[in-house]
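Participant: Attaching a single structure in structure tokens format; questions to follow.
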């Protein structure tokens, strides 16, 4: 009996654990809980891209990719548990899609020697590779986003924001507070008046904040929300008849989920976009053939092409390119975590490469380096067309104001280094 | 009239309306606690489950479609019909009655005479189960709930207040509807409990289980009845909150807004749930308006609990709760 039990356990474990030669890239996802609606499409896009590589190309450099999924429910403690539970599988890189989890994992990955990749979220100053050896957040981070939003408003106002009133409506958390310093510094530079309006999580009740918007009549509202906060904010903006074209969300407040519940009222709402949108990219033909039609799509398979699906897919694509680079540098396909980190640091994604992958003009080209883990930080502006139920890009990539951002990144990362007794590298 | 005073009046009115929305959730807690002494942790999830079911039925969505498709290799999603709103609401109410029967048969029946903490723990389990069931049945995507309720600024209120004060107040049409519905709901519940046979039985059980049993009242029937009513109240709350934000899994968190209302109004009083909601709504909105800007804002969540705790110092049973004296 004992023998049978041991055999059963061994069989179960052999199914659960990836084969030793596989590349293991855990997916710390959230398909349950209050933030599931955002977590599901992202997780599906992430999984499907690796499925595509496995099915079409036989993996990366001939090595199959295993993507063990662990449910975090967007809960920081559960996220850390997921990390601890999966790192022993030979994890090469983590992408937890949560700023809270990212903050907890930074010291852990640095200790364990595993790359943490946080595109468009996480700790902004991790862009400084001299301090944050194991963390990468290219192609853009929160401060880039805030700066791009202000640059766009400058363009809209003939280069002058003096006397304009901008309200920042934000998720009252580490995530939501990220753009404050940037927007304050930019206010000092451009002369606009900044009003801060925090909203407590989850954000189902925002009447106070929107009454304040109605009273103070800001010219623009910049919005840093996530989850139900997004849908409620857009509905409340419609309710008070705030001009939607003057309401700009960060890229985490710009998915179909956020605007559809408000119906026609959401027409004209804008958000930042760090990648293209829609299904007009050649990669989707392969995705349909090798993944969706083959019945291998992640989840219900109904998220393909949505904004957050595209973002998950984009993150997976960057990771796969970093692994490819690591294989090239190491001269072996079976790379380890340290070699993958080197791949991330030496990664260069050109427009030609993006076109080869089937994503022409989808994301900005970038080249990482020892000091630059943050990329160029450019983003576009997309606008919601409620009648057609689609996002349309209304600008090309707008570069952030590095003159303001670089000193902020240097200051914040230096403080982290001093606190954690880290000697800057890359000298 | 000074501008700040007008703003304060507008904030107060909106606070009253928000309070009504909180009360709608709190009512479900009160009904179950009053009749059975159970603090129903699953009340927020009941509202979510009811709203999910309503949208699913209305849109002709096939329940468990994802599972069916995975098991049979099909590609089913919809029955292809759109049910009229009232029919969908009636069917959802029936589903909530069915759920109440199942809860009584599968959970509560087996826990008769157990300590309240055991029953409370059972409702925690129920909350997790229902949340998972809702996910598997209807999917976790955000669903637009459209039962024809108006949303957006009330032009009438705006123009009337503008003509009186020279400043048009903002009141959301949805909040006005919620207020009317809450008044009707409380009136119906009061009439039901005062004048119907079942209502009197419910009150008898609430007063004394043993005495009610001794005169032949079926405790099991009363539990089914009260969970059905709480399910209907959850449906109403789910419709109001779901219209506001779309139906999504964070809807279950509206229970957090009901807790301070219950602490303040008392766990056993229907009027207490209403008055408590109004006090919390007005209190948190006025505090955010007057003090919030000085201390960084986002005060509403914690202020509601602080206000409830202050009341508890003076009236531990809440404003309208029953004073329970236990002698050693």
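Going from the start of the chain as shown, residues are counted 1 onward.
Even glycines carry a Cβ here, placed using N, Cα and C.
Relevant sequence annotations retrieved from TrEMBL are reproduced here:
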TRANSMEM  B:12-33  transmembrane segment
TRANSMEM  B:45-65  transmembrane segment
TRANSMEM  B:85-103  transmembrane segment
TRANSMEM  B:110-130  transmembrane segment
TRANSMEM  B:176-196  transmembrane segment
TRANSMEM  B:217-241  transmembrane segment
TRANSMEM  B:261-282  transmembrane segment
TRANSMEM  B:294-314  transmembrane segment
Participant: Where else in the chain does the transmembrane segment (B:217-241) make close Cβ contacts, counting only residues six or more beyond its ends and a cut-off under 8 Å?
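Facilitator: For the transmembrane segment (B:217-241), the sequence-distant neighbours (Cβ-Cβ under 8 Å, at least 6 residues beyond its ends) are 21, 24-25, 27-28, 31-32, 35-36, 40, 43, 46-51, 54, 89, 92-93, 96-97, 99-101, 103-104, 108-109, 112, 145, 147, 149, 174, 177-178, 181, 185, 189, 198, 201-202, 204-205, 209, 247, 251, 254.
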Participant: Restricting to the same chain and to residues at least six past its boundaries, which positions have a Cβ under 8 Å from a Cβ of the transmembrane segment (B:85-103)?
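Facilitator: Result: 46, 49-50, 53-54, 57-58, 126, 147-148, 223-225, 227-228, 230-232, 234-235, 239.
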Participant: Go through the chain and flag residues at least 6 beyond the ends of the transmembrane segment (B:12-33) whose CB is under 8 A from any CB in it; none is fine as an answer.
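Facilitator: Sequence-remote neighbours of the transmembrane segment (B:12-33) are 39-40, 43-44, 46-47, 169-172, 175-176, 178-179, 181-182, 185-186, 189, 226-227, 229-230, 233-234, 236-237, 240-241, 254-255, 257-258, 261-262, 265, 267-270, 272-274, 276-286.
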Participant: Below 8 angstroms Cβ to Cβ, which residues of this chain, lying six or more residues outside the transmembrane segment (B:176-196), approach it?
Facilitator: 16-17, 20-21, 23-24, 27, 31, 149-150, 154, 157, 202-203, 229, 233, 236, 240, 270-271, 274
